[in-house]
Structure formats: structure tokens, C-alpha cells
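The following features are taken from TrEMBL:
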TRANSMEM  20-39  transmembrane segment
TRANSMEM  60-80  transmembrane segment
TRANSMEM  92-110  transmembrane segment
TRANSMEM  151-169  transmembrane segment
TRANSMEM  181-197  transmembrane segment
TRANSMEM  217-237  transmembrane segment
TRANSMEM  243-262  transmembrane segment
TRANSMEM  282-300  transmembrane segment
TRANSMEM  312-340  transmembrane segment
Amino acid sequence: MLLDMDLGVLLPSLIPSLQSVYVLVFYFVYLAVAGEILPGKVIRGVLLSDGSQPRYRCNGLLALTLLVAILGICAKIGIVSPLVVADRGLELLSATFIFCVLVTLALYVTGRNSSDKSSSLKPHVSGNLVHDWWFGIQLNPQFMSIDLKFFFVRAGMMGWLLINLSILAKSVQNGSLSQSMILYQIFCALYILDYFVHEEYMTSTWDIIAERLGFMLVFGDLLWIPFTFSIQGWWLLHNKVELTIPAIVANCLVFVIGYMVFRGANKQKHIFKKNPKTPIWGKPPVVVGGKLLASGYWGIARHCNYLGDLMLALSFSLPCGVSSPVPYFYPIYLLILLIWRERRDEVRCAEKYKEIWAEYLRLVPWRILPYVY
């Protein structure tokens, strides 16, 4: 979309309209209310250093299903257009960016002025304004009892699906619907729905348990996930790609294998944290120092879940063919991000586990891809 616009058209389209602001306000208000009132499994998070445990209501799947149903009914009776996101994508992007800046400045000021001593809200101030604003000051800040970190990642994942659905409606309207678009939409929808089916697994991820909430996470959740993960859909809206049957089969295999590795690894890790004695692939788990799982997927590579995630990202781009590098932005970016994150994680683990970590490295020498990296 950006490549098809000249600067004179691009700049005005980036100015948020009142309608784009209304869309964002409705979206965030709906998620806040639905997250609090809809039924869902309440999950205890990781035990923090002060003995507290955050609680998360995992009702994302119900909230998403209800939202899509509401929007579908509103579109049917003409209250809202299903093309509102596809037609105002750049406006929504810039409005979301402004929101990210404002909310993270508020988080910075609130964190700096906090005297709370709990693990969730204790301020971590380096003295470097940019560093503290970027990485955040508090671990689990809240607004009106809403855990903002959990809220923002949920908003980003749902937003990704809503953008895709609007792109799909646009492609149907202008007659550009293709096998490639259908394949991309199916893969993304399955991935997002699966995320919410297993939403409780999110509570034990690095972002939730270790990262403080600053611009990096807020921007990543609210803008980066929905607006860059959907680049393939935008590209297919303006470029028709015909796939051969072998290409479709190969693409499906990449998705299925990626899903099995990604979901399997995350599930094993989550279950191990809840009950370290649970069998892995029918055998007692191999545990290093009583803390580190070294069997199942976690005996293949130290970050095997990243391999699955990368394969899934690749499967979202393969329907676009190989005529342009633009649709491959997401898997390329994800590769760089996950290697950077893996390096940071390994430094943290080496400091935390010391000789236990050295033993773990001996048992599991590969970082992400066995025999390669």
C-alpha cells in the first residue's frame, strides 16, 4: 500500500481522522469491559520475588468471538462498514502510534512517582530517560485493575485478525480474492484463534514474566503486531499470485510442522512450570539442577519454540510467492528479533543459573535450529 502512494497522498492519509479515533476508543473500551465481565478461566501467573502472583482472566477467545459477531451484525445492518480498517489503515496506524507515545509517557511519569515496593509495581529507574521510557519502569502496571501488559498483547493479537478480515472484505468487494489470499487468511486466523484457545500459556512467556512495560512492549503489541504482521494481506490486495498445487501443499506442510513445534514446545514448558514431574513424550522429564527442562522439544534446542514461530511466520509469507521481498518482512524481522532475544535470554540465564546453565548447555548445545545454530 505504501509503495503505491506518492508523498502527496501518503502524508495526508497519515493524519488521524475523528472516525479513526472513534474506532480505537470503541475497540479499547470494548476490550476493557469484555475482559472484566465475560467469564473465563482465572490463571495465576509466575510467583514473583515478593511471593505475590498476578492473576489473569483468560477470556480472550470469547471476547474475540463476541466482537467479531457484533461487528458482523453492525456491518449487516449498515451501522459500520467492514472496509473501515482497510480504507483507513494508515490513519489507524498513526492514531495507534500517537496513543502508544502518550500511554508510555503516562507509564513513565506514574512509574517514576511510584513508591510501591511490590514486585509488580516497584519502580526500576536507571536515570536515563530514554532507556526508562523505552524499556519501562514497572513490571505489571495496572489501570482500573486491568493488567496493562496482558491487555495490550491481547489487543494487538485481536487487532491483527480484525485488520485481516477487513482486507479480506476489501478483496471480495474489488474482485481480487485469490487462492493466495485465502491461504494467508486461513493460516493467520488459525494461528490467532489457537493463541486465544491457549491464552493461559501467554502468562508464562518472557514478555509477561520478565519485561517491564515501556514503549518497546506497548509499541510492539499495539502497532507492530497488527500492522506489520498483516503486510502480506495488504500486499496480496494489490498483487495477484497464482500458486501451483505442489506450492500449496508445501506451504501447508510448513504451517503444520511450524505449528506442531511452536505449540508443542510452549505447552511442554507451561506444563513443566506447573508440574515438573509431568511426563514428556511418555517419559519422565530430564531436568537439570531441578530447574531446567532438557527433554522433549527443549532437549532438541534451547529455544525450539522460536523455530516453530519462524516456520509459522514463513508460512504466512509463502502464499505471496517470491516476486518481491516485501511480504517477507515479517519472517526476516522475526528472525532478527528472536536471535536478539535469545542472546539476551541466555545472558540472563547464565547469570541466574550459573553452573546449572553450563550443564544445560552441555546437554542441549543448539540454540534454535539443531545442527545449524
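Each residue's number is its place along the chain shown, starting with 1.
Note: Cβ is positioned from N, Cα and C throughout, glycine not excepted.
In TrEMBL, annotation is done automatically, which means it is predicted and not curated.
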Between the transmembrane segment (312-340) and the transmembrane segment (151-169), do 3 or more CB pairs sit under 8 angstroms, pairs being 6 or more residues apart?
no
So what's near the transmembrane segment (60-80) in sequence-distant terms, Cβ-Cβ under 8 Å and 6+ beyond its ends?
30-31, 34-35, 38-40, 154, 157-158, 161-162, 165, 192-193, 195-197, 199
Mind checking which residues reach the transmembrane segment (217-237)? Cβ under 8 Å, same chain, six or more beyond either end.
1, 86, 89, 93, 96-97, 99-100, 103-104, 107, 136, 149, 152-153, 155-157, 159-160, 162-164, 167-168, 170-171, 176, 178, 180-181, 184-185, 188, 207, 211, 316-317, 319-320, 324, 326-327, 329-330, 333
Cβ-Cβ under 8 Å with the transmembrane segment (92-110): same-chain residues at least 6 beyond its ends:
14-16, 20-21, 23-24, 85, 129, 132-133, 136-138, 141, 148, 213-215, 218-219, 222-223, 227
Cβ under 8 Å, sequence separation of at least 6 from the ends of the transmembrane segment (243-262): give me the contacting residues as numbers and ranges.
179-180, 183, 187, 190-191, 194, 297, 304-305, 307-312, 314-315, 318-319, 321
